[in-house]
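These features come from TrEMBL:
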DOMAIN    54-308  domain 'Protein kinase'
BINDING   LYS83  ATP binding site
DOMAIN    309-361  domain 'AGC-kinase C-terminal'
Amino acid sequence: MSNKTGTPSTSTDLRDGYTEQQQQHYRKYLQQLKNEFNERWCKKPNANINFSDLERVRTLGTGAFGRVVLLRHSKQQKFYAMKVLEKEKIIKMKQVEHTLYEKRILEAIRFPFTVSMELSFKDNSYIYFIMPFVPGGEMFTHLRRMGKFEEPLAKFYASQVVLALEYLHYTNLVYRDLKPENILIDKNGYLKITDFGFCKVLQGRTWTLCGTPEYLAPELILSKGYGFSVDWWSFGVLLFEMNAGYPPFYANEPMKTYEKIVAGKYRCPSSFNPDLRDIVRNTLQVDITKRFGVMRNGVMDFKNHKWFKGIEWEAILNCRWPPPYVPKCKHPGDSTNFERYDEEPMKPASYCRFESEFFDF
Ligand SMILES: Nc1ncnc2c1ncn2[C@@H]1O[C@H](COP(=O)(O)OP(=O)(O)O)[C@@H](O)[C@H]1O
Ligand SMILES: [Mg+2]
């Protein structure tokens, strides 16, 4: 049987690390994915679902610009998650450009560990993004419930995040909001990264201050021009948090959190073994010339690190690695893995608001 990278492999050929030859081969696959991304980026997508067939079930999450609601398709037995953004709030928070990026990126990305979009539209007051529903809930919920992840589970999730960031960066996308709230678990136990609200196509460097305080990289806080390195820093924060149960840099006020981040000051719990400490130290590295992910060997510094010993990267990519944990999902529309939120009616205005600002949507 041939897998997604075109290299024949079976689940029995477990091997440590990743050879340069395998990586070269994999880069060809990434190049193909990038070409496909660019094609979709340039053309208008065809919608294959009809909005009138969708009925609202409940709210799955809320955010600064709106909410995400679960939808049921009345004809197919299918469920969708719809992100609803209020135009007025987007304007007030000066996020029109970011939201346009979010839409175009969601339309164009396709990777096993990222969500993508089926349909988008707008009305007088709102912008709507419709994606497949990921029923396992946020990594955040499971992490808080379990306290911390057992190491095999943390490794399993970390390996998928490495592959997802490698794909995004290869496609020139910087993600900028990696955290457990934005990582969903699918019914098969594998991850889907959601929320491309801060993601953008990166040419050279960028300066925008965005993200979530505990996950911000020092170079971003210090208003230096930055690049893909910020995502690897957030990955370091995530690695720490999955294994410890709490983030490495934390204070009551964001300013104090920032002081700790730029000083690179954190303490690993005694439960961290030497390999884990080593990978965390190299990822939460303030000096970007020494940070894993952006040095000469790129992502290979992760793929061949001792902490990932035993992980077979192609089995992960092809979802053939047995997941250490599978969330309970009783049926395709089961939303019990999501917290409860107050429901609010959506009332579009009787006239079109901010028509010119949202002309391109
Ligand atoms: N495709 C999806 N399936 C299931 N739940 C989702 C999906 N996309 C988003 N959510 C839920 O909605 C929440 C908010 O969505 P997100 O895109 O992160 O919005 P915000 O930009 O407001 O943070 C997520 O944290 C997640 O709980
Ligand atoms: Mg989010």
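Just so you know, the numbers here start at 1 and follow the chain as drawn.
Cβ from N, Cα, C; glycine included.
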Query raised in the report: Taking the Cβ of LYS83 (ATP binding site) as the centre, how many other Cβ atoms fall within a 10 Å radius?
Result: 28
Query raised in the report: Along the domain 'AGC-kinase C-terminal' (309-361), what average pLDDT does this model show?
Result: 96
**Report entry** DSSP helix/strand/coil residue counts for the domain 'AGC-kinase C-terminal' (309-361)
**Finding:** 5 helix, 0 strand, 48 coil
Report summary line: Per DSSP (three-state), the residue listed as 'ATP binding site' is strand
